[in-house]
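Student: Quick one: the structure is below, questions incoming.
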Amino acid sequence: MNPTALMIMLLSLAIGTTMTLMSHHWLLAWIGLEINTLAIIPLMTKTPHPRAIEAATKYFLTQASASALILFSATMNAWKTGEWSITLLSDPYTITLSMALMMKLGLAPLHFWLPEVIQGIPLSTGLILSTWQKIAPMTLLLQISHLTDLKLLITMGLTSISIGGWGGINQTQLRKVMAFSSIGHLGWMVLILKFNPQLTLFNFLLYITMTAAMFFSLMSLSSTKISEISSSWPKSPILVTTMMLVLLSLAGLPPLTGFSPKLLIILELAKQNTLLLASVTMLTSLLALFFYLRLTYVMILTLPPHIPPSSTHWRTTKNSPLTATMTTLALLIFPLSPTFLLII
């Protein structure tokens, strides 16, 4: 893509998200979401491939439907209450706006577009879609969290954790694995949203860090399939080692960064006397743990001396400082969790 066009698209993404973050008016927030949607579509189709065109079309139709639902609900709410304020919602429209924002995020059962779209686009665009594009809808969801129905949030959260685990089990494509991982992590965030919005924000920041670290590692190795990642050890031993640790961090194993939000969410659920919900959440998350461990196991099996000579590569991988920084954050934030929670 032309560097000037790329700069314009990235600038538009930044402007759209910033507009939504700064707005207290539903119409301005909707305009920011629309700018975001339109800015990422050229990035999706920068490689003129039928899969990329299909992914961009699915993404546009889904996001347009969710945006229309947000605009119609906000208009009807303004007609009823006389105000466009984000935090002033009447009862029937809170649910429709929450569902529309969850559709934009890709929460189950409104998730069907996400794995197909991420599978059809380049890794760099998949990184933007999995991290930056979720900031604006999540911010709006946090602002209306005190008005959202608790039963709806718990249902969507548990469904997302379940489908995020089941969907990723038998995948061979790494981008689809990351899509289902995203669905599962968003389920954890929505589950605790009504009880403790600050904890949701903390979980969201750590999710962005870990997902970005994983995507940067995949981009450095140019790997999109499990079969490709399994023979990457000769290419970059250190990067493959840290990528295994990032996978375990995404799985939520101690003492890595990903353990922190899961521990705090379970403690918060126990504090709210919802022990059954906490138990079901922990048991359901074992599904996701299985496919993370499966990926790690595939990588461990191919460590020397198990690599056949025919599958070795030249060591030409260049690790960027950004990859190193995000990987370090994705592995070592756990001891600093209390400090970050105090800041939030």
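Positions of Cβ are set from backbone N, Cα and C atoms, glycine also.
Curation does not apply to TrEMBL; its annotations are automatic.
Not my notes, these are from TrEMBL:
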- 23-287: domain 'NADH:quinone oxidoreductase/Mrp antiporter transmembrane' (DOMAIN)
- 150-170: transmembrane segment (TRANSMEM)
- 201-218: transmembrane segment (TRANSMEM)
- 238-256: transmembrane segment (TRANSMEM)
- 276-301: transmembrane segment (TRANSMEM)
- 289-341: domain 'NADH dehydrogenase subunit 2 C-terminal' (DOMAIN)
- 322-343: transmembrane segment (TRANSMEM)
Student: What stretch in 150-170, 201-218, 238-256, 322-343 has the biggest tally of Cβ pairs under 8 Å against the transmembrane segment (276-301)?
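Tutor: By the under-8 Å Cβ criterion, the transmembrane segment (276-301) pairs most with 150-170.
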Student: Where else in the chain does the transmembrane segment (201-218) make close Cβ contacts, counting only residues six or more beyond its ends and a cut-off under 8 Å?
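Tutor: Contacts of the transmembrane segment (201-218) (Cβ under 8 Å, skipping residues fewer than 6 from its ends): 123, 126-127, 130-131, 134-135, 138, 142, 174, 178, 181-182, 185-186, 188-189, 192, 224, 229, 239, 242-243, 246-247, 249-250, 257-258, 260-261, 264-265, 320, 322-323, 326-327, 329-330, 333, 337, 340-341, 344.
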Student: Given the model, what does the mean pLDDT over the domain 'NADH dehydrogenase subunit 2 C-terminal' (289-341) come out as?
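Tutor: Per the prediction, mean pLDDT sits at 73 for the domain 'NADH dehydrogenase subunit 2 C-terminal' (289-341).
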